[in-house]
Amino acid sequence: MYVYIYHLRWVFMLFQYFSQLCSWFTWYCSSRTLTNTMEAVLGTLALYYYPLEGSRTKSSTKYLFFVALAFLVRPTAPILWVPLLLYHFSKEQKKLDLILLHCLPVGLLALGGSVIIDWMYFGEWTVVQWNFLKFNVLQNIGSFYGSHPWHWYMTQGFPVIMGTHLPFFIHGCIVAPRRYRVLLVAIVWTVLIYSTLSHKEFRFIYPVLPLCMIFCGFSLTNIKRWKKPAIGFLVLSNLLPALYTGLVHQRGALDIMSNVQQLCQKQNSSLLILMPCHSIPHYSHVHCPITMNFLECPPDLGDHDTYVDEADLFYASPLAWLHAEFYDHKRLPTHLVMFSVLEKDINPFLITHNYVRTASVFHTHLPEGRIGSHIYLYERQLQ
């Protein structure tokens with residue numbers, strides 16, 4: 001019996017790992033420098049040491065340490081851990097020891113270290129985690145970058161990041177042992193809390209994915225007759241989206257930087273990026289002192305009713321903005337970068353000032369709004 005249980009445990013762990021590894025969204029996020037990715041990694045490490053019933057690696061200090069690190073990386077991280085922390089506290093017999101010997105030392109060490117580091121950087125006492133929460137939650141300034149209906153995570157966000165794992169997740173919730181229900185509560189709680197925020201993105205709920213894969217692992221472990229077809233289905237259905245989103249979709253933002261890097265070889269080069277904010281990298285991919293400007297879109301920290309950022313002003317009337325900004329020909333940049341959809345709107349400006357397209361890179365098969373299918377690089381030809 002012991003050998004059978006030990007074997008079953010390893011089979012479940014193998015399928016859980018397989019589920020996480022073949023998830024298209026895992027590949028999409030893990031290759032990008034997102035704080036949500038680090039939050040998910042630290043959350044997974046914390047879950048490894050979490051004192052769940054039957055766990056052989058439980059350690060209150062270690063899992064609280066990784067939760068604290070996740071909080072420092074992204075202050076919304078504790079949202080996922082609220083049900084798990086409460087569950088741990090309710091099951092813990094030595095509650096006072098848990099608070100005094102584990103929670104307080106770890107919390108004070110993590111927060112104190114963060115405050116000291118920020119003081120050294122900013123030159124004044126600053127709690128960046130509080131500023132983050134005040135900016136995104138209390139003041140809801142994050143909605144400046146877009147808002148979605150309250151049900152978006154349930155109807156679009158969660159189903160999309162789960163992909164073809166979704167039916168296995170649902171089946172796993174049914175067959176999983178009862179002690180794992182607290183993880184399901186944490187998943188539901190997190191999705192519901194994030195649903196109350198106006199600004200929503202797929203990556204925000206990425207940290208719940210490792211928990212979801214635990215239930216997918218239970219599903220694959222309990223499937224008898226159709227195990228191999230299920231595994232093959234998951235691999236094929238996730239491989240194509242992973243390859244497409246990782247190698248093809250919106251790749252132009254990086255490809256164009258190879259052309260921009262060549263400007264380092266030209267003297268007195270200057271670049272103006274006529275694209276929506278945060279569309280392409282900046283000096284992180286250009287390691288030389290050329291002048292680079294872009295359309296700015298800082299949020300309205302002053303709460304002005306008539307506030308309009310520079311990017312919106314530009315797109316309201318691109319041609320008029322360019323003529324007003326470059327009334328003096330001496331201020332004209334030597335190069336312009338833009339999405340293909342903008343070309344027709346500013347074509348008179350390009351012709352008047354002798355700008356010639358010198359590069360065109362593919363960006364996406366799904367252009368939308370201000371985002372074009374290609375990215376163009378224009379160079380001004382001096383007569």
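Any Cβ shown, glycine's included, is placed from N, Cα and C.
Note that TrEMBL annotation is computational and uncurated.
Some features that TrEMBL has for this protein:
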- 6-27: transmembrane segment (TRANSMEM)
- 63-87: transmembrane segment (TRANSMEM)
- 99-122: transmembrane segment (TRANSMEM)
- 150-170: transmembrane segment (TRANSMEM)
- 182-198: transmembrane segment (TRANSMEM)
- 204-223: transmembrane segment (TRANSMEM)
- 230-249: transmembrane segment (TRANSMEM)
So, do the transmembrane segment (182-198) and the transmembrane segment (63-87) meet, by the test of 3 or more Cβ pairs under 8 Å (sequence gap 6 or more)?
yes
Please work out whether the transmembrane segment (150-170) lies in contact with the transmembrane segment (230-249), by counting C-beta pairs under 8 angstroms that are 6 or more apart in sequence and asking whether there are at least 3.
yes
Long-range neighbours of the transmembrane segment (230-249), counting only residues six or more past its ends (CB under 8 A):
18-19, 22-24, 27-28, 31, 163-165, 168, 220, 223, 364-366
Folded-back contacts onto the transmembrane segment (204-223), same chain, C-beta under 8 angstroms, at least six residues removed:
8, 11-13, 15-20, 23, 25-26, 29, 34, 36-37, 39-40, 43-44, 47, 70, 76-77, 80, 153, 157-158, 161-162, 165, 168-169, 171-173, 175-177, 180, 183-184, 186-187, 190-191, 194, 230-231
